[in-house]
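Written out below as structure tokens is the structure these notes cover.
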């Protein structure tokens, strides 16, 4: 009996060791903050989507050429370079939250100018102002979200900007179809001017958001940062760890109490000296991060996705769909595909990982672009209507945006916003956004001229070749960052093509460290 009771006691003492730890629930406050911040990306999406249909009526009303249309469509991305280039420094100066409000306000003014444009040049002025707002929005949304979200759901939250870009594109397509029935002079102006509504909603919604805890630490406001981290972390223990890591990254001594307001150097607080560290004297780690952060944005746009999305009515016209209302309806389906598959990526990015989604996405785009190029080439060289080729082209545009949306679309923002060190993050991300917008503007401003020079099929064969180079770049240089905190990113970079061996060493050292800490 004594042995049996002793055995029961031993078993009861061991049972707790085998009880699995409950996975913490997703932080709803961090989720809400990320959602609100990412809604600024609706501004770019709406402008992209609505302009694809509006140009049909703008050309007819203002009697402008194809070259003028190219310039009108593409220059907003060039103008957004101005916003993206100064947004990093602005957000280091006035804070992430106020920068989001500023972005909404600037776009609101641009939308009003476009809605009341009496002629082409006034419309271009509105595009310039709206472009600056777009540049601000694209840079600040992923940075703020990455700095607020805990590591457990950072990929999920930082993919929101792409979700809202696609939601904006879809809203733009719907506005095109809804206002296409109105008189010519009124329809396209309403399509563009109604963009003031999301701007006002965003400006008001952002007032409920807290400031980024990492920006607060950079200002020496440790007490305020602790309050935000307590609310946006999965556990209080994680909040303490995050704050300690951020303090270390910002160069603040560990012995500073978390409720203190401490003085920080001017370089840390306002972002000065960042350009020197990024371009003049970068360490191997920073150089690797910069190449990857800029490269992922370059290839996201150089693969021609904006040509597929914004010029889809022209693609369908070339494919043989001649009725404008049918082309606009087919274009709405493009917006639905983009939005749906970006949501799919959002839910899988923290489970599957960045690399698998990115490589799968790029591989699918290669096949889809190849099919689209082949179908358009066959139609170009045929003397009669080929229904199967038309169906092939329409399906290829849908599959192109679907594969783009499960990886290359959202992950460019996710990846670039999480890899830069704290002091370099805002301005490093602004460089990536500037490259993104420059390449997008170049694609949109040259697409019509390009397909007239080498045929529309030839243009998409060119984009297919670029997508192949992108796949090689992603496979060779991008390490997996899933589950890694922002302050633990730097050791993953610096060895360029040898990052796999670096990751193995880091994993083995973590295992050894965990084993040694577990020993009594």
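Cβ coordinates are placed from backbone N, Cα and C, and glycine is handled just like the others.
Just so you know, TrEMBL annotations are computer predictions that nobody has curated.
According to TrEMBL:
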- 29-47: transmembrane segment (TRANSMEM)
- 33-482: domain 'Major facilitator superfamily (MFS) profile' (DOMAIN)
- 67-88: transmembrane segment (TRANSMEM)
- 100-122: transmembrane segment (TRANSMEM)
- 128-151: transmembrane segment (TRANSMEM)
- 163-182: transmembrane segment (TRANSMEM)
- 188-209: transmembrane segment (TRANSMEM)
- 286-305: transmembrane segment (TRANSMEM)
- 325-349: transmembrane segment (TRANSMEM)
- 356-376: transmembrane segment (TRANSMEM)
- 388-413: transmembrane segment (TRANSMEM)
- 434-454: transmembrane segment (TRANSMEM)
- 460-478: transmembrane segment (TRANSMEM)
Paired segments the transmembrane segment (128-151) and the transmembrane segment (356-376) in contact, 3+ CB pairs under 8 A: no
Sequence-remote partners of the transmembrane segment (434-454) [C-beta within less than 8 Å, at least six residues beyond its ends]: 66-67, 69-71, 73-78, 80-81, 84-85, 134-135, 138, 294, 297-298, 300-302, 304, 306-307, 310-311, 314, 412, 462
Contact call for the transmembrane segment (188-209) against the transmembrane segment (100-122), three or more Cβ pairs under 8 Å: yes
Recorded stretches the transmembrane segment (325-349) and the transmembrane segment (100-122) touching, at least 3 CB pairs under 8 Å: no
Long-range neighbours of the transmembrane segment (100-122), counting only residues six or more past its ends (CB under 8 A): 37, 40, 43, 62, 64, 68, 72, 83, 87, 90, 94, 128-134, 136-137, 140-141, 144, 189-190, 192-196, 199-200, 202-203, 206-207, 209
Stretch among 29-47, 163-182, 460-478 sharing the most Cβ pairs under 8 Å with the transmembrane segment (286-305): 460-478
Stretch of maximal Cβ-Cβ contact with the transmembrane segment (163-182) [cut-off: under 8 Å; candidates 29-47, 67-88, 356-376, 388-413, 460-478]: 29-47
Same-chain residues near the transmembrane segment (460-478), Cβ under 8 Å, at least 6 residues beyond its ends: 288, 291-292, 295-296, 299, 302-304, 307, 354-355, 358-359, 362-363, 365-366, 369-370, 372-373, 376-377, 408, 415, 450, 454, 496-497, 499
Long-range Cβ neighbours of the transmembrane segment (388-413) (under 8 Å; 6 or more residues past either end): 141-142, 158-159, 161-163, 165-166, 296-297, 299-300, 303, 305, 308-309, 312, 315-316, 319-321, 330, 333-334, 337-342, 344-346, 348-349, 354, 357-365, 367-369, 371-372, 374-376, 378-379, 382, 432, 436, 470
